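If you check TrEMBL, you get these features:
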DOMAIN    22-296  domain 'THH1/TOM1/TOM3'
TRANSMEM  39-63  transmembrane segment
TRANSMEM  75-94  transmembrane segment
TRANSMEM  106-129  transmembrane segment
TRANSMEM  150-170  transmembrane segment
TRANSMEM  182-204  transmembrane segment
TRANSMEM  225-246  transmembrane segment
TRANSMEM  258-280  transmembrane segment
């Protein structure tokens, strides 16, 4: 009898078991208006903070080197300010955004900042590619062609995405929705590949330099850290986009998936942006150096 009494679980433990064995808690959070507002306003606040940091850093750079126009560094911080600012507005007005009709309007408002995020961080790939090819003895690829490639790739991405949106506006086809999500995944894969290719090349090139100095170690750490962060970010984005194309339960373009939105956007945009801005926080020297290229 004593053994039987000992084997009977207490009411509190049974309650905990029921809580974790059921998915009701997840559904209750996702369907709760209070939780939705809390999570999306939290995302709004974090995006606004990162946007403000990027703007402050842009102003500091402009004060330091006002005479050199729009350098790569300035454009990068400006685009970070815009991307995070747009995200903050979208999530700040999440009720209006997620209830828009036709549904393609929701996708436009959620995917445009994602495309701008792609353009912002592939700008780093362009900058590193320029440095790498200028340092190579062969100089097989002129830097002007690199800029042209960057512009053409980005224009092509926006044009294709615009065509997908127009088609969805005319005919809300599930097949085209699937194609659109796969296309976004391909864009993320391209960015991840760019960081792996040129971030990796520049990292190993810096490692081959025989001179050991504090500046070289800092630059090596900077390139390696940003490459790892951005490659991981875009690779995971690619995986999530492919997964959401096949499973609507992990879709991010609906109001009643706030927890998924919180996890995705915190880990895939807010945290990477904050880390990269922190790593690249160093101001340029007052006199332009050979590595500080204005955009022409």
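Yeah, the Cβs are placed from backbone N, Cα and C, and that goes for glycine too.
Proximity of distant same-chain residues to the transmembrane segment (106-129), defined by a Cβ-Cβ separation under 8 Å and at least 6 residues beyond the stretch ends, is recorded for 72, 75-76, 79-80, 82-83, 86-87, 90, 97-98, 100, 146-147, 150, 153-154, 157-158, 161, 165, 168, 180, 184, 187-188, 191, 194-195, 198-199, 201-202, 223, 226, 230, 234, 252-253, 269, 276, 293. Same-chain residues lying 6 or more positions outside the transmembrane segment (225-246) and placing a CB less than 8 Å from one of its CB atoms are 121, 124, 178, 181-182, 184-186, 188-189, 191-192, 195-196, 199-200, 203, 252, 264, 267-269, 272, 275-276, 279-280. Long-range Cβ contacts of the transmembrane segment (150-170) within its own chain (Cβ-Cβ under 8 Å, at least 6 residues beyond either end) map to 102-104, 107-108, 111, 115, 118-119, 122-123, 125-126, 176-177, 179-180, 183-184, 187, 190.
Counting residues 6+ beyond its ends, the transmembrane segment (39-63) has Cβ neighbours under 8 Å at 71, 73-74, 77-78, 80-85, 87-89, 91-92, 94, 258-259, 261-262, 265-266, 269-270, 273-274, 277, 281, 283-284 in the same chain.
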